[in-house]
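Down below is the structure, laid out as C-alpha cells.
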Amino acid sequence: MEALLQLKGIDKAFPGVKALSGAALNVYPGRVMALVGENGAGKSTMMKVLTGIYTRDAGTLLWLGKETTFTGPKSSQEAGIGIIHQELNLIPQLTIAENIFLGREFVNRFGKIDWKTMYAEADKLLAKLNLRFKSDKLVGDLSIGDQQMVEIAKVLSFESKVIIMDEPTDALTDTETESLFRVIRELKSQGRGIVYISHRMKEIFEICDDVTVFRDGQFIAEREVASLTEDSLIEMMVGRKLEDQYPHLDKAPGDIRLKVDNLCGPGVNDVSFTLRKGEILGVSGLMGAGRTELMKVLYGALPRTSGYVTLDGHEVVTRSPQDGLANGIVYISEDRKRDGLVLGMSVKENMSLTALRYFSRAGGSLKHADEQQAVSDFIRLFNVKTPSMEQAIGLLSGGNQQKVAIARGLMTRPKVLILDEPTRGVDVGAKKEIYQLINQFKADGLSIILVSSEMPEVLGMSDRIIVMHEGHLSGEFTREQATQEVLMAAAVGKLNRVNQE
C-alpha cells in the first residue's frame, strides 16, 4: 500500500542535543498509525519537522508521492495535514464557532460575516462528535474535556487527508473517548490517514492498525498492532523489560496524621476520611466526581464552607494555598502547565519557587549556593534529565516537568503530599520512576494522597482507596477489597460504602 505521507532518515539537532537521528514514519490511507516512545523519544520534534515548525537537517518528506518541504503550519495545513495538539490552541473569549473558523469565516456577497451559516456548520461538526452544546457558547465556559473536543472539531473542519492526534484523550471522559473513536473509524472509512500519539496502551490496541516506535530520537520499528502484546510494545519503547509495573511497598502505615470530618465546599459534600503516616491513600472516581475539588478545598485553593480538618491532632484552617503550605499540605496540580509550573522560568527557579524562605537571609537576600545545592540534590535524586538547572522548564519532556513539580512540593518539607494525576501525559519509563519515588516518600513516613483516573495505578500503588461520586464519598476499600469492578460500581454510585479500619 502506498503511503500518503512518508518521512525517511530525518535528522534534527539542537545545541548540545541530537533530537532525531534517522527517524522515519509512514502514514497509510484508511489506517491509524500509532506513534509511541518514552517522553523525549522525539515524537513531538518529528511532528514539528513534519508540519514545518522545525527545518530538518537531513532526510526526505514525501507527501502524496512527491518530495515536499513545508514552510510552516499554514503550508502543511493547506496541503491537507491537520494536527490536534496536546496543548489547547483556543481563544476562551470567543465562541466555539468563532474558534473553529477563525481566519476562515463565512462571508456573504456584501463581504460581511455570515453568522447564520457559520454557526450552522459549526453545529454540524459538534453533532458529529456527539456533543450536547451549541456552537454559540463561549469556549472559556467549557470544561477542559469539552475544549479538547472543540479542538478536534476544528481540525475536522479542514477535511484533511492526514490528521495527527497528539494525546487526544488526555482530558476526555470515557464517553467522549468513545465518540472520538467513532469519528476516527468514520475517517478511516473515507480513506484518511491518522497519526495517533498516545501513552495509553489500551487505546493503541483498540483503535490503531499499525505502530511506529521511537527511542532516543531513533526509529526502532514499524509493526502491525495485531502482531504485538502490550509487554512486547513497552519493551520496544524502553529497550528493556519493565518488571512489576506498579511497585507497591508493603509497609504498615503509622498513626493517623490527617483527619477530615464532614468537609463541604464547591463540588464537595460532607466528605470524611483519615490518612496515616507513611500511607498512600488512592482517590478514584469518574471525571466531574469532585476529586480535584476535594483536594483544592483541603489545600486552600477552593473555599471550605463547613467541616473540620485536623493535622497531627491540631485543627487547621486553609483559606489559601499559602495556608496549606504553611501547615505542611502540598498539592501537585493535575494541569502542571497551567497551575504547576512557570514555563518561561528555569528548572532551578521552578523547583525552589515555593521554598525560597529556606534559602533567604534575614534581610531578604537569597543564599544562592544553598539553593543551587538543594536543586542539584533533587535533580540527582529524581533523575531529572536536563542539560543544566538553568534550562527553561518548558523545553523539558512531560515526565521531567512532572518530576520538577513534585520536587518543588517536597522542597517545602510537607507532611501531606497530594498528587493529582501525577502520571498524566508521562511515558511508561518515567511513570515507573515516579512510582518508585512515591514509594520512597512513603518509606520516609510522608502521607500521600494519590488522585488518578487510571484504575490500575490506584489499585497498584494504594494502601487504601476512597471513591468519589457527585461530590460525595461513595466507597472506602482496603487494598485487599478493591478491584476494578468494585471501584467502578462505587464511582457510578451503585455501591454502598464499605469502611474497614
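Glycine is treated like the rest: Cβ placed from N, Cα and C.
What Swiss-Prot records for this protein:
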- Gly37, Glu38, Asn39, Gly40, Ala41, Gly42, Lys43, Ser44: ATP binding site (BINDING)
- 5-241: domain 'ABC transporter 1' (DOMAIN)
- 252-495: domain 'ABC transporter 2' (DOMAIN)
In the chain carrying Lys43 (ATP binding site), residues 6 or more apart in sequence that have Cβ under 8 angstroms from it: Leu35, Val36, Gly37, Ile197, Phe214
Cβ-Cβ neighbours of Gly42 (ATP binding site) (radius 10 Å): 24
Site with most surrounding Cβ atoms, counting all protein chains shown within 10 Å, from the binding-site residues Gly37, Gly40: Gly37
Model confidence over the domain 'ABC transporter 1' (5-241), averaged pLDDT: 90
All-chain count of other Cβ atoms within 10 Å of Glu38 (ATP binding site): 23
Cβ-Cβ neighbours of Ser44 (ATP binding site) (radius 10 Å): 20
Spatial neighbours, same chain, of Ala41 (ATP binding site) - Cβ under 8 Å, 6+ residues apart: Phe214, Arg215, Asp216, Gly217, Met237, Asp427
